[in-house]
Amino acid sequence: MTGIGLIIKKRLLIVLMFFLTVIVLLLIRLVFIQVIDGEWYQQQAYEQQNSGIEIGAGRGTIFDRNGKELAVSASVETVSINPQEVRKSKKDKYMIAKGLADIVSMKEEDIIKKLDRKSRYERIIRKVDKDVGDRIRKWIKDEQLSGIYVVEDTKRFYPNRNLAAHVIGFTGTDNQGLDGIEATMDKYLKGKSGKILSEVDAGGREIPFSEQKHVAPKKGNNVVLTIDETIQYLAEKALEKAIKDYKILRGATAIVMDPRNGDILALTSKPDFDLNAPFAAPIGIDKSTWKGTTKKDIETLQKTVWRNKAVVDTYEPGSTFKAVTSAAGLQEGVVRPDSPVTDATVRVGGWNINCWRPNAHGNETFTEGVYNSCNPVFVRVSQALGIEKFYSYVRKFGFFDKTNIDLPGEAKSVIHKKPTEVDMAAASFGQRFQISPIQLITAYGAIANGGTLYKPRLVKELTDDDGNVVKTFQPESVRTVITKETAQTLRTILEGVVADGTGGNAYIKGYRLAGKTGTSETLQTKKYGRYIASFMSFAPADDPVICALVVLDHPDVYPHTGGMVAAPVAGKLVEDILNYLEVPRRYTEKDKDALQVDTTVPEVTGLTFENAKKLLNEKGLTYEIVNKGNTNATVVMEQMPKPDAIVPEKTVVLLYKYKPENEPTVIMPDISNQTIDEAAKTLQAAGLNIKAVGLGNAVKQSHPPGTKVIKGQLVEVVFRKLDTE
């Protein structure tokens, strides 16, 4: 018995322990349900007892730095149904399908499929205009329908269409950001959706006479960019003109930065697209087969108009990189501005490196070597530094890392991990490695501001609807790369590149512009053959407020160098920006000598010749009297140029003593390659006036040689320095 009793006690103890364990586990589970996961279960129960219709949240506005709207949310309507509620109403589903289809322009069968589903919520259509929503509301009321809902929604709208397309980006059908700032700042912009809630029974049917609850949507925050809408517009127009003038085949890029804090004032890539129709077929694509949503179509968009060349593309920087080599050499003391150098051929690893110019420059100072952009000069600087020291500066200037700009898809540079002497020699003048445009302008920003490398800043702050600042994104200093003294020395040298060197076609009268040309050849079908022309600049050279980079991919003209095609584009862009920023001009003696002051031709017909001469002299104009026979006219019968024409001072105005039946014409001479003085004399001898644009030799004239031109006509002639890299 004792043994049996002991066994029973053990069994009872086991059973007791089992039940205690179960109770403890149940208590633990209860704690989890009631305390730890309580809110989740409450939400599940709430949602089970309540049927909800989502109300879209207003997406935050995207502003430029001056408060101009770049992306806004417009009010639209979303139409949805509760199939269970519709069936419960006993209304004919075919009548409902036809009524909805007629109003929203959908197929009846598509709506019937949604009506036949067992769910409590089916979306019929999103983003219809308010007048469509009002028609549906009236129809619901007239037909006494239930289970059909029209609720307020939002639709993204871009007032400037393609302006800053690659910066702003766009949203999808559900208002989620898909590209650009819309994507990277989506968590701040998107807000929180609201709901219209109705109580339902266990079968999902709406409980009669139950009270509906409205959970208001919460609008997202506004994003204020560093972009300046006006500067962005100027940059885009500059590229559009360049693409037309120089027949650019593979797109172009322009970036404008404030070097003092890294703010991006403009960033554009061409081709681009209309933000209001991002899935539309690019120009040149067959629209008859285009859908815009297939995998093939999306890949086409990503390779063409969606491609942000300023950030996602890499290229060989060419001679624009020589500023980095110069900075390293000056900082380390291996070269001084007045150091004697030579452009004699350098042989590295069996490879001869020569100056780009067939007629060598010979012995020169380092400063002159930079002006002339002699490749051997920079190879020797890199050799004096050595591989380790040279590439330490490449790293300091940020070329081994992404800039982490607030845009998707930033490319990483392509640089040799274990560079050789040959790699370094080629890199010293910008070849055999690749960087992105945003990396290059970021590096130049450090030269312009006195030596500090800044992260490019695209987002300035977040605000609420009352204009209160919610979050500020401060400028981020990455590191100091060179001293202020080195930066100042290099800025002076780069100013000379524009004033006296290969960057002369970017010269601006009254503004001190510093910069460097670049021409690189890229691989095309496994061989070199496509050229990229670029110009990197900052201004004013002594106290820079902007950096500007222009990159033109495959100009189909000759010469196709950075100095010939990119420099004039950058120069005009910088001039327009400085004018907009109201930076005062400071004319040098050289500027004054080349300065053309425009004036307006006054109306002198009907005046006596004496009075006409006096008025023309007051306007800085000269004159020539044209007689026919022995006309004794005492007043001017006709004039050329016509009144109100804008012409340079000293233009010759022809004063006629008779009324010509037909305006007299002359044959337009060929002034190709002539200097400004030569062209002016040639045109004057032909009875024509000149308006000179640029410096150097004539490369373009507004009227083709050999054509008939009205005598006294103003001829616009474009001049370029031809000896450029």
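Glycine residues also receive a Cβ, built from the backbone N, Cα and C atoms like all the rest.
TrEMBL labels come from automatic prediction, so no person has curated them.
Bear in mind that the values here come from a model prediction, so they are computed numbers and not experimental data.
Taken straight from TrEMBL:
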TRANSMEM  12-32  transmembrane segment
DOMAIN    596-657  domain 'PASTA'
DOMAIN    662-721  domain 'PASTA'
Using DSSP, what's the helix, strand and coil tally for the domain 'PASTA' (596-657)?
10 helix, 21 strand, 31 coil
Mean pLDDT, the domain 'PASTA' (596-657)?
84
Looking only at the domain 'PASTA' (662-721), how are its residues distributed among DSSP helix, strand and coil?
10 helix, 25 strand, 25 coil
